[in-house]
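Now, the feature entries from Swiss-Prot:
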- Ile51, Asn112, Leu114, Tyr145, Ile267, Val268: (indol-3-yl)acetate binding site (BINDING)
- 1-6: topological domain 'Extracellular' (TOPO_DOM)
- 28-38: topological domain 'Cytoplasmic' (TOPO_DOM)
- 60-68: topological domain 'Extracellular' (TOPO_DOM)
- 90-100: topological domain 'Cytoplasmic' (TOPO_DOM)
- 122-131: topological domain 'Extracellular' (TOPO_DOM)
- 153-167: topological domain 'Cytoplasmic' (TOPO_DOM)
- 213-226: topological domain 'Cytoplasmic' (TOPO_DOM)
- 248-251: topological domain 'Extracellular' (TOPO_DOM)
- 273-286: topological domain 'Cytoplasmic' (TOPO_DOM)
- 308-311: topological domain 'Extracellular' (TOPO_DOM)
- 7-27: transmembrane segment (TRANSMEM)
- 39-59: transmembrane segment (TRANSMEM)
- 69-89: transmembrane segment (TRANSMEM)
- 101-121: transmembrane segment (TRANSMEM)
- 132-152: transmembrane segment (TRANSMEM)
- 168-188: transmembrane segment (TRANSMEM)
- 192-212: transmembrane segment (TRANSMEM)
- 227-247: transmembrane segment (TRANSMEM)
- 252-272: transmembrane segment (TRANSMEM)
- 287-307: transmembrane segment (TRANSMEM)
Amino acid sequence: MVSWKDIYLVLEATVPLYVAMILAYLSIKWWKLFTPEQCSGINKFVAKFSIPLLSFQVISTTDPYDMNIKLIYSDILQKSLALLGFAAISKACCAEKFDWLITGFSLSTLPNTLIVGIPLLKGMYGEQAGKLLSQIVVLQSLIWYTLLLFLFELRAANGMATTTSSETTGLIWALVGFRWHIRLPLIVSNSIRMLSDGGLGMAMFSLGLFTALQTKIIACGAKRMLLALAIRFFLGPALMGMSSYAIGMRGVLLKIAIVQAALPQGIVPFVFAKEYNVQADILSTAIIVGMMVAVPVALAYYFAMIIPAIK
């Protein structure tokens, strides 16, 4: 059962992100500290340095020999269904075909597992949930962010990105390190940690700068906002639920998979969308509004799945 202490732990993890975003917003709206060109430079730093190093740190510190196979298969199936579905819809209905394929995939399958998910679901389902969500974070960083970057690069036709190599390096080191119990030299790990620890904070700072440069906070408009929230909080969990059930997941493991899919939008896809100028307004709105309703939505899914058990 979720306690007030568990909710406080979630707020403890998420409020600092909002502090970074609000400071960035005020630095543009009130203090006029940055020009649009400088804001673009900050976002490029986040995309090319902070996020790749954060991905390396997450992947290299997770044991690849202790993964839940059913969770991996269900995650792959969910993403595959989302890709195929949005590819078909985008081709049939949307003028910006590739843009909506990328945005729809990001909204439906890439939640904020690291910051919001782990503390919240540990309160709901215990330490087991934290361990499982760490594996999902690795899959996100290693496979799905790489695929997302590939889609962005395919759209831009501009070559490969630095994040791909950092994730591959992180996986190689994790395979070697956990197999033979080798640790990175402290001077190397501290150098990586210095930049990676600020990765999410800098991403939220970039989000605040982007929001401040828009004429209104809901930059994409009310209709697109509602569509984005519906994809994030309804379609994403539905796809994950169907995929997990089809793979054979039951009980607590199935519930964890569904609730983590109903978490608010991840920050990293926005950083990439801003860097490649692909519907960043939709993702920024999904993050801002989604973070505000994260706890109520997760609790709604949690209680909805325990009511049948009580009956």
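In case you wondered, yes, glycine gets a Cβ from its N, Cα and C as well.
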DSSP-assigned states of the topological domain 'Cytoplasmic' (273-286) in counts, ordered helix, strand, coil: 11 helix, 0 strand, 3 coil
Interface present between the transmembrane segment (287-307) and the transmembrane segment (101-121) (three or more C-beta pairs under 8 A): yes
Stretch of maximal Cβ-Cβ contact with the transmembrane segment (192-212) [cut-off: under 8 Å; candidates 7-27, 132-152, 287-307]: 7-27
Set of same-chain residues at least 6 away whose C-beta sits under 8 angstroms from Val268 ((indol-3-yl)acetate binding site): Ile51, Leu110, Gln140, Tyr145, Ala203
Average pLDDT across the topological domain 'Cytoplasmic' (273-286), rounded to a whole number: 90
Additional residues surrounding (indol-3-yl)acetate, by Cβ distance to the Ile51, Asn112, Leu114, Tyr145, Ile267, Val268 centre under 8 Å: Leu54, Leu110, Gln140, Ser141, Leu200, Ala203, Gly266, Pro269, Val271
Remote residues contacting the transmembrane segment (227-247) - C-beta distance under 8 A, at least 6 residues beyond either end: 70, 73-75, 77-78, 81-82, 104, 107-109, 111, 220, 253-254, 257-262, 264-265, 282-283, 285-286, 289-290, 293, 297, 301
Distal contacts, the transmembrane segment (39-59) - CB-CB under 8 A, six or more residues away: 28, 114, 137-138, 141-142, 145, 161-163, 165-167, 169-171, 173-174, 192-193, 195-196, 198-200, 202-203, 205-206, 209-210, 213, 268, 271-272, 274-275
Fewest other Cβ within 10 angstroms of its own Cβ, chosen from the binding-site residues Leu114, Ile267: Leu114
Neighbour tally for Ile51 ((indol-3-yl)acetate binding site), based on other Cβ positions within 10 Å of its Cβ: 29
For the topological domain 'Cytoplasmic' (28-38), the number of residues DSSP places in helix, strand and coil: 5 helix, 0 strand, 6 coil
